[in-house]
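**Student:** Questions regarding the structure given below will be posed in turn.
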Amino acid sequence: MEGGENENGGKKRGCGCSKQDFLPEESFQSCRSYLNALCNTKSRLRDRLLARSADHMELHEIRGRSQHEMKKRLNWWDIIWFGIGAVMGSGIFVLTGEAARNHSGPAVVVSYLISGMTALLSVLCYTEFCVELPVAGGSFTYLRVELGDFVAYIAAGNILFEYVVAGASVARSWTSYLATLFNHDPNSFRFHASSFPEDFSHLDPIAAVVSLLICIAACMSTKGSSRFNSIATIVHLLVLLFILIVGLTKANPQHFSNFAPNGIRGILKASSILFFAYVGFDGVATLGEEVKNPGRDIPIGLIGSMLIIILLYCLLSATLILIQPYYQIDVNAPFTLAFQAIGLKWAKYIVALGALKGMTTVLLANILGQARYFTHIGRTHMAPPFLATINEKTRTPVNATVVMTLVNSIVGFFTSLDVLANLLSLTTLLIFSLVALALLVRRYYVGGETTSSNRNKLILFLMLIIGSSIATAVYWAIGKNGWIGYAVTVPIWFIATLGLNLMVKEAKKPKSWGVPLVPWLPSASFATNVFIMASVDGASYVRFGIWTLLLLLYYVFIALHASYDAAKETTATTSAATATCLEDGGASQLHH
């Protein structure tokens, strides 16, 4: 791993890891200084809990802590392919079966459209932030600027956990689909360690090796990774095109006759399941620091890729229904067994190949996103700052990439897919909701400029939007079939959003690209994400609570004090630089 510099200014050799790489802050230099920091925890919490960063801080001072800058090599073409590659993994081959057979029936096409439009709302919110703040931290940066350090830390800690689970799960699925290509049981490609617990006894070296190969590609060059991703994604799209063409030759329009057997509730339930086929674009937003022209390339890339994905998902799900009646679709392998049912057994190899290609690009996008999240968190000192280092030669975050790959590989090597699947988190939906909320705060509140009256009205309307959205989701979750609850909660959401639009002056306009129809689209994005959160199982909420508790312990004992010292040092440096500029300016005037 890339080291920092020693006290004499020379580079450290080898991994260069020492205490100073992990905890260089003043609070950790001795036991006495750490005890003193703990004694001041209460005052430091007051200082940092709601502390908001600023755009110029994230774009310059914070980014400068990486010593070297990432190279701006990506354009809109790269972002489109990264967007497709990050989102279109094996989800279409897995989730469609459950959604169509158990919930929506042939209306699965509508469910894909609804969940796709919901994802598109989040993409719009991410796009404005990514254009305005093109740095590696993605949603961590956006939340840190608008909602404060603490919210950003909790959100980022949870999404990194989910990235690890997703990366390990996709790596093990890679082994399973490889086994399918060779007509083997997936566990025949794994080693069985009988002395280990059952859920951790099938060791998967292929998953670890694939993750490490992806890591090497990600470390060497972002542009090189983009080329590989483009080629793999094109192959994946060709496989999907094959499925469409071959499937439509066996189409039977009569399969659409009973279009929505479970009504609107079945369609919406399927939409909440299928939404997870659209996640992954948030990792692409972390590439903003490496985009040549953020104002042009990011909107075209992110929005364009999502529109392509929505179209493909709707076409593929319609093709599946045309091939086979919804009540005969297999929940676990819908496309493979649908082709088998019409006499095309060999097509399962094409489907498996497509899934392999899709999972490879998802793994690449996953590790790129993980590393850049961690890099920016390291810049703020909420994580060990050695993770913030950018390699001087490759201009990529090698340290963060290697660390996250090792974690992914270890989890994927030992942990079964059943265990990983049960860890499906609500964190992604929470992050999407918070980013939408942060966009409303960004547009309607600027510290030192917004009047207290407008600030208070903003808080009131935001509380009403949040409360009505949660109430709508809870009413849906408890299974009420009546309309009375919605007749109360939906109008409250509408009136609150309308009030925000009419009664609060917009405080900030985007410089180059902005979400249209503010506050309606961000408010709708928040409400729909919260609505889908109601469909997440209770175990995910328990997992979220336990992991968040662990994050809180780390924050109170480590991250709070590290980030406090780093912020204090940055403030002192900025003040000194300002004073120097003023002195130089005064001396220049005297000279003239």
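Think of each number as a place in line: the chain as shown, counted from 1.
Note: Cβ is positioned from N, Cα and C throughout, glycine not excepted.
Here's the feature list from TrEMBL:
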DOMAIN    513-563  domain 'Cationic amino acid transporter C-terminal'
TRANSMEM  107-129  transmembrane segment
TRANSMEM  150-171  transmembrane segment
TRANSMEM  205-221  transmembrane segment
TRANSMEM  228-247  transmembrane segment
TRANSMEM  267-288  transmembrane segment
TRANSMEM  300-326  transmembrane segment
TRANSMEM  346-369  transmembrane segment
TRANSMEM  398-417  transmembrane segment
TRANSMEM  423-446  transmembrane segment
TRANSMEM  458-478  transmembrane segment
TRANSMEM  516-535  transmembrane segment
TRANSMEM  541-560  transmembrane segment
**Student:** With DSSP as the reference, give the number of residues of the domain 'Cationic amino acid transporter C-terminal' (513-563) in helix, strand and coil.
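**Tutor:** So the domain 'Cationic amino acid transporter C-terminal' (513-563) is made up of 40 helix, 0 strand, 11 coil.
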**Student:** Among 205-221, 346-369, 458-478, 541-560, which stretch has the most Cβ pairs under 8 Å to the transmembrane segment (228-247)?
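**Tutor:** If we count Cβ pairs closer than 8 Å to the transmembrane segment (228-247), 346-369 scores highest.
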**Student:** Determine which recorded stretch among 107-129, 205-221, 458-478 has the most C-beta pairs below 8 angstroms with the transmembrane segment (150-171).
**Tutor:** 205-221
**Student:** Tell me if the transmembrane segment (423-446) touches the transmembrane segment (541-560). I count contact as 3 or more CB pairs below 8 A, with pairs 6 or more residues apart.
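**Tutor:** Contact between the transmembrane segment (541-560) and the transmembrane segment (423-446): present.
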**Student:** Could you tell me what the rest of the chain brings near the transmembrane segment (458-478), counting residues at least six beyond its ends with Cβ under 8 Å?
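**Tutor:** Tertiary neighbours of the transmembrane segment (458-478) are 268, 437, 440-441, 444-445, 450, 485-486, 488-490, 492-493, 495-497, 499-500, 503-504, 523, 526-527, 530-531, 533-535.
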**Student:** With Cβ distances under 8 Å as the criterion, find the stretch in 107-129, 205-221, 267-288, 346-369, 516-535 that has the most pairs with the transmembrane segment (398-417).
**Tutor:** 205-221
**Student:** Can you find at least 3 Cβ pairs under 8 Å between the transmembrane segment (516-535) and the transmembrane segment (346-369), where each pair is 6 or more residues apart in sequence?
**Tutor:** no
**Student:** By a Cβ-Cβ criterion of under 8 Å, what residues six or more beyond either terminus of the transmembrane segment (107-129) are in contact with it?
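**Tutor:** For the transmembrane segment (107-129), the sequence-distant neighbours (Cβ-Cβ under 8 Å, at least 6 residues beyond its ends) are 96, 99-100, 138-139, 141-142, 259-260, 266-268, 270-272, 274-275, 277-279, 281-282, 285, 298-299, 302-303, 306-307, 309-310, 313-314, 317-318, 320-321, 326, 432, 435-436, 438-439, 442, 510, 513-516, 521-522, 524-525, 528-529, 532.
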**Student:** Who are the long-range neighbours of the transmembrane segment (346-369) in its own chain, taking Cβ under 8 Å and residues 6 or more past its ends?
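**Tutor:** Answer is 82, 84-90, 93, 138, 163, 166-167, 170-171, 173-174, 177-178, 180-181, 210-211, 214-215, 217-218, 222, 225, 228-229, 232-233, 235-236, 239-240, 242-243, 246, 280, 282-284, 286-287, 333, 335-336, 339-340, 401, 404-405, 408.
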